[in-house]
Amino acid sequence: DCLGFMRKCIPDNDKCCRPNLVCSRTHKWCKYVF
């Protein structure tokens, strides 16, 4: 299961849906990185 943009997540545990979506350690949600 994966999470979409700005969905709450647990760093190092949850997987965000796209390769350039990562779980932010600061905000604890999936955000885009470029």
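Each residue, glycine too, has its Cβ placed from N, Cα and C.
Per Swiss-Prot, the features are as follows:
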type     : residues    : note
DISULFID : Cys2-Cys17  : disulfide bond
SITE     : Phe5        : site 'Important for activity and sodium channel selectivity'
SITE     : Met6        : site 'Important for activity'
DISULFID : Cys9-Cys23  : disulfide bond
DISULFID : Cys16-Cys30 : disulfide bond
SITE     : Thr26       : site 'Important for activity and sodium channel selectivity'
SITE     : His27       : site 'Important for activity'
SITE     : Lys28       : site 'Important for activity and sodium channel selectivity'
SITE     : Trp29       : site 'Important for activity'
SITE     : Lys31       : site 'Important for activity'
SITE     : Tyr32       : site 'Important for activity'
MOD_RES  : Phe34       : phenylalanine amide
SITE     : Phe34       : site 'Important for activity'
Discussion item. Using a 10 Å radius around its CB, how many other CB atoms surround Lys31 (site 'Important for activity')?
Written reply: 15
Practice prompt. Using a 10 angstroms cut-off on Cβ to Cβ distances, just flag whichever of Phe5, Trp29, Tyr32, Phe34 is the loneliest among these recorded positions.
Written response: Phe34
Worksheet item: In whole Å, how far is Cys30 (disulfide bond) from Met6 (site 'Important for activity') when you measure between their Cα atoms?
Response: 5
Worksheet item: How many Å separate the Cα atoms of Cys17 (disulfide bond) and Phe5 (site 'Important for activity and sodium channel selectivity')?
Response: 8
Worksheet item: For Cys30 (disulfide bond) and Cys23 (disulfide bond), what Cα-Cα distance in Å is obtained after rounding to a whole number?
Response: 4
Item to complete: Can you grab the distance from Trp29 (site 'Important for activity') over to Cys23 (disulfide bond)? Cα atoms, rounded to a whole Å.
Response: 5
Discussion item. Please report the Cα separation of Cys9 (disulfide bond) and Lys28 (site 'Important for activity and sodium channel selectivity') in Å, rounded to an integer.
Written reply: 5
Practice prompt. Measure from the CA atom of His27 (site 'Important for activity') to the CA atom of Phe34 (phenylalanine amide) and give the result in Å, rounded to a whole number.
Written response: 17
Fill in: Within 10 angstroms of Phe5 (site 'Important for activity and sodium channel selectivity'), Cα basis - recorded sites out of Thr26, His27, Lys28, Lys31
Lys31
Worksheet entry | Three-state secondary structure, Trp29 (site 'Important for activity') (per DSSP) | strand
